[in-house]
Amino acid sequence: MTSLINVNLPEQSYEIAIAPSNLDQLGQQMANLKLGKKVLLVSNPTIFKHYGERAITSLKSAGFEVASCTLPPGERYKNLNSIQKLYDVALENRLERSATMVALGGGVIGDMTGFAAATWLRGINVVQVPTTLLAMVDSAIGGKTGVNHPHGKNLIGAFHQPRLVLIDPDVLKTLPMREFRAGMAEVIKYGVIWDAELFAQLEASKRLDQLRYVKPELIDSILTRSCQAKADVVGKDEKEGGLRAILNYGHTIGHAVESLTGYRLVNHGEAVAIGMVAAGQIAVELGMWQKEDTERQNALIQKTGLPTQLPSGVDIEAIIDALQLDKKVKAGKVRFVLPTEIGVVTVTDEVPSDIIRQVLQGM
């Protein structure tokens with residue numbers, strides 16, 4: 001069964017297409033959009049080995065001319081050096097403004113490909129084909145693209161909406177357990193910030209820590225409800241003027257933890273899980289959220305096999321300093337997304353640093 005979710009935007013709306021074996025439909029789906037014939041497929045070596053030829057076959061059978069480029073996996077390679085490599089391949093293959101870059105991979109590949117597409121010739125088409133749960137439910141949707149700076153995550157970037165997000169749930173079968181858990185952090189996030197029914201669904205499930213224990217119908221529901229939540233928020237606030245900021249729940253402290261551990265010790269989903277635990281406790285300390293609700297959230301995070309404690313050796317003062325480099329800082333004040341009930345959050349910059357410090361010391 002195919003699920004189609006519309007991301008309705010003033011300048012360029014697009015579809016999120018979710019269906020088994022969808023990867024084989026990539027070429028036809030792109031042909032339906034009447035995109036130019038030149039395509040640059042971007043992936044990492046592991047994903048390319050699993051799915052690259054299938055994607056290329058689908059594209060070529062629909063009449064596209066395909067070049068490919070593989071980039072090293074991992075957040076620490078999400079930098080301008082990798083973007084330069086993409087530019088070089090684009091130049092070698094004479095990618096014109098009608099061309100399309102296709103991101104086949106997780107969040108790192110999606111972010112870099114999107115940024116390269118946003119900046120090559122001042123903007124060419126990009127199609128997102130996410131292969132991790134995290135990218136499927138979050139980073140592939142909404143047009144945020146970017147790379148890291150040595151002093152902070154995603155400090156260099158642009159908004160550049162895809163022409164299509166194509167999701168094939170079957171590719172999750174080759175996803176390592178740790179990466180599946182990382183994606184579940186973003187799914188839990190949607191339950192806390194937007195969709196109390198999704199949260200209840202997750203609570204009712206016995207095991208969430210490995211894909212093989214999660215029923216296929218729950219995977220379908222997770223993908224559809226999470227993508228719908230992201231589409232709803234982005235449709236109301238494309239460029240983070242207000243509402244879209246709620247998608248950063250768990251990301252403020254999470255990004256600081258990622259950056260301070262060199263993007264090696266914890267992955268993005270694990271960092272977001274830690275950030276959600278911290279944000280939930282901050283909300284409790286400020287009298288905004290019930291203690292039992294933060295306990296429900298934390299129990300769900302633990303059931304998924306995600307961390308709820310800071311990594312050992314991470315300096316709390318360094319985290320507080322790193323928060324000031326977060327791109328969400330406004331007039332020197334750190335903005336936090338804090339829950340008020342399951343399914344509802346608020347954004348505030350009125351969080352005293354001593355509360356942040358106290359919560360982090362308790363983790």
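Heads up, the Cβ atoms here are built off N, Cα and C, so glycines get one too.
The NAD(+) binding site feature in Swiss-Prot is assigned to Gly107, Val108, Ile109, Gly110, Asp111, Thr131, Thr132, Lys144, Lys153. According to Swiss-Prot, the feature Zn(2+) binding site maps to Glu186, His251, His268.
Here the features listed in Swiss-Prot are painted onto the structure.
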residue	record	DSSP class
Gly107	NAD(+) binding site	helix
Thr132	NAD(+) binding site	coil
Lys153	NAD(+) binding site	strand
Glu186	Zn(2+) binding site	helix
His251	Zn(2+) binding site	helix
His268	Zn(2+) binding site	helix
Under 8 Å Cβ to Cβ from Lys153 (NAD(+) binding site), same chain, six or more residues apart: give me those in sequence order, or none if nothing qualifies.
Glu75, His255, Glu258, Ser259, Tyr263
Relative to the Cα of Asp111 (NAD(+) binding site), which of the binding-site residues Glu186, His251, His268 has the closest Cα?
His268
Whole-number Å only: compute the distance from the Cα of Ile109 (NAD(+) binding site) to the Cα of His268 (Zn(2+) binding site).
14
Do you know offhand how many angstrom separate Glu186 (Zn(2+) binding site) and Thr132 (NAD(+) binding site) by C-alpha?
12
So how many other Cβ atoms are close to Thr132 (NAD(+) binding site), meaning within 10 Å of its Cβ?
27
If you count Cβ atoms within 10 Å of the Cβ of Gly107 (NAD(+) binding site), leaving out that atom itself, what do you get?
25
For NAD(+): widest Cα to Cα gap among Gly107, Val108, Ile109, Gly110, Asp111, Thr131, Thr132, Lys144, Lys153 in Å
21
Check each residue in the chain of His251 (Zn(2+) binding site) that is at least six apart in sequence and keep those whose C-beta is under 8 Å from its C-beta; list them in sequence order.
Val272, Gly275, Val337
